[in-house]
Amino acid sequence: MSQSICSTGLRWLWLVVVVLIIDLGSKYLILQNFALGDTVPLFPSLNLHYARNYGAAFSFLADSGGWQRWFFAGIAIGISVILAVMMYRLKATQKLNNIAYALIIGGALGNLFDRLWHGFVVDMIDFYVGDWHFATFNLADTAICVGAALIVLEGFLPSRAKKQ
């Protein structure tokens, strides 16, 4: 039985494109205007800081010799395909799940582009309190985390809200 793509969660793929444009645009601006390691204070506790991440979150496996680039690229592709299939199986009206999946796909594809094009992921958001700095991250990472948080939130909502 075929169904109109507009009636499925794939209707929300426009959000993937928005995340990609914002993420890749921010990384382009950093690459054009910052030297590696440059820092510009924005607000108390928030800097723009150009860093390269050769691993995953928190630079996991960053010093592993290069194989991790392809490993994490494969994970990004696999997760994106799985979530796109899940979106296809969902109704377009199931907003929370579709938004969550679209944010995760957009973030995964943004970081995938960096891995394949540059060989590293461009990070630039430096949050700190006093002398303690959180791991530097980017807007793709933010989209992935917000998407994951929405999935957790959806799990706590009453079942009637889930069916919409």
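Just so it is clear, glycine is given a Cβ too, placed from its N, Cα and C backbone atoms.
What Swiss-Prot records for Asp123, Asp141 is active site. For 12-32, 70-90, 102-122, 137-157, the entry in Swiss-Prot reads transmembrane segment.
Listed in sequence order, His49, Tyr50, Ala51, Arg52, Asn53, Thr136, Phe137, Asn138, Asp141 are the same-chain residues at least 6 apart in sequence whose CB falls under 8 Å from the CB of Asp123 (active site). Listed by sequence, the residues of this chain that lie at least six past the ends of the transmembrane segment (70-90) yet keep a Cβ under 8 A from its Cβ atoms are 5, 8-10, 12-13, 55-56, 61, 97-98, 101-102, 104-105, 108-109, 111-112, 115-116.
With a cut-off of 8 Å between Cβ atoms, the residues of this chain six or more beyond the transmembrane segment (12-32) that come close are 48, 50, 84, 87, 92, 95, 98-99, 101-103, 105-107, 109-110, 113-114, 122, 124, 138-140, 143. Asp123 (active site) falls within a strand segment according to DSSP.
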